[in-house]
Amino acid sequence: MIEDKNTSKTQLSDLGEFGLIDHLTKNFKIQQETTVLGIGDDAAVLDFKQKQCVLTTDLLIEGIHFDLSYVPLKHLGYKAVVVNLSDVYAMNAKATQITVSIAVSNRFPLEALEALYSGIETAAKIYGIDLVGGDTTSSTTGLIISITAVGHANQEELVYRSGAKENDLLVVTGDLGAAYLGLQVLEREKEVFKVNPNSQPDLDQYTYIIERQLKPEARKDIPQLLKALEVKPTSMIDISDGLSSEVIHLCTQSNVGANVYEEKLPLDPTVISTCEEFKLNSTTVALNGGEDYELLFTIRQEDFPKIKANPNLTVIGHITDQDSGIGLVTRANEKIRMTAQGWNPIKE
Ligand code: ADP
Ligand code: MG
């Protein structure tokens, strides 16, 4: 099992609240010119001039959203930032600042929070965002993390869930289902470890899918790519809960239907082989897996030539009128109604 190597333990009470905040945040550098003032006063000050401000927040609770028996704290910090930034990019906006609030029990030594913040710091560096504030408090049992991400865009650049129109093409970035399968592998190893703590799992063949689960990336590149290609999506959403659920969100908010083609779903070879091993249907995994943090968007048909050669982008279907419903067209050319909870294949 993956465990934090750090074994030395410093009680949080040794530092006091202000010492702790200072210790955890002292290495963060301000990188954005929109940050007028970061940590240290009663509130941060940001200046977006004529731009529209985008703001999003997430709350993560130990035992509900993460399991520290196989998620290293450093990865948790990184992922907690990334999932928030993904929501900013899904608005076709630039992410610039975050705040991080934590509640911790005395079960956590300083070294655990250092690991968490080193993951947050890595994400801040890679994505070029500033940590500009937060809150620190105690909890009776587990760890709670809440991150708020801030970004901006010109008014005409923002893309909402509600803009999809009939005949638009449905496009997805990257590939689907890997993060879910990574979780299945980690959970299986956790069970093996419970029975035999000396087992040394060989996880090499699962590197890609475990990374997709433990260290997901947000598609910062996509708003930039679309701008360079001169394509403005008509609607966009990030894939956090699984493709089916997100297609349904887009269609519901846009008052349209959609056809998604099973044969077009982008799958990594590791996803296909691991599905075979776990006796899972790869289409079900791609549709309902979740936590891929790819982007799903719609474009007008006439923009297709601009995106078709790009290996990051796959057209998986098109938008129909609302009465046609939201369906998956199978390889056997049957249309099955898509549901958010799960897709039951008629034929295996
Ligand atoms: P207040 O009492 O006004 O809430 P705090 O003492 O909690 O102020 O916070 C002092 C400064 O440290 C503020 O700028 C706040 O945003 C920042 N801060 C507090 N906790 C954290 C944290 N966990 N991560 C990052 N910044 C934090
Ligand atoms: Mg406070």
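Glycine is no exception: its Cβ is also placed from the backbone N, Cα and C atoms.
All annotation found in TrEMBL is predicted automatically rather than curated by experts.
The shown structure was predicted, so the numbers you read here are calculated from the model rather than taken from an experiment.
Sequence annotations record features per position, and here TrEMBL assigns domain 'PurM-like N-terminal' to 40-152.
Look at TrEMBL and you will find ASP42, THR56, ASP87 tagged as Mg(2+) 4 binding site. Same-chain residues at least 6 positions away in sequence with a Cβ under 8 Å from that of ASP87 (Mg(2+) 4 binding site) are, in sequence order, THR56, ASP58, ALA149, ASP238.
Taken from TrEMBL, the feature Mg(2+) 3 binding site applies to ASP42, ASP87, ASP238. In the three-state DSSP scheme, ASP87 (Mg(2+) 4 binding site) falls into the helix class.
What TrEMBL lists as Mg(2+) 1 binding site is THR57, ASP58, ASP135.
According to its DSSP assignment, ASP58 (Mg(2+) 1 binding site) is in a strand. TrEMBL lists ASP58, ASP87 with the feature Mg(2+) 2 binding site.
Annotated ATP binding site per TrEMBL: TYR117, GLY134, ASP135, ARG161, SER240, in sequence order. Taking a C-beta cut-off of under 8 angstroms and a sequence separation of 6 or more, TYR117 (ATP binding site) has the following same-chain neighbours: LEU24, THR25, GLY77.
TrEMBL lists 165-325 with the feature domain 'PurM-like C-terminal'.
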By a three-class reduction of DSSP, TYR117 (ATP binding site) is assigned helix
Residues near ARG161 (ATP binding site) by Cβ (under 8 Å) yet at least 6 apart in sequence within the same chain, in sequence order, are SER235, MET236, ILE237, HIS249, LEU250, GLN253, SER254
The answer for which binding-site residues (THR57, ASP87, SER240) have a CB under 6 A from ligand 2 is none
One should report the C-alpha separation between ASP42 (Mg(2+) 4 binding site) and THR57 (Mg(2+) 1 binding site), rounded to whole angstrom, as 20
Expressed in Å to no decimal places, the gap between the Cα atoms of THR57 (Mg(2+) 1 binding site) and GLY134 (ATP binding site) is 12
Checked against DSSP, the composition of the domain 'PurM-like N-terminal' (40-152) is 35 helix, 44 strand, 34 coil
ASP238 (Mg(2+) 3 binding site), Cβ-centred 10 Å count of other Cβ atoms over all protein chains shown, is 24
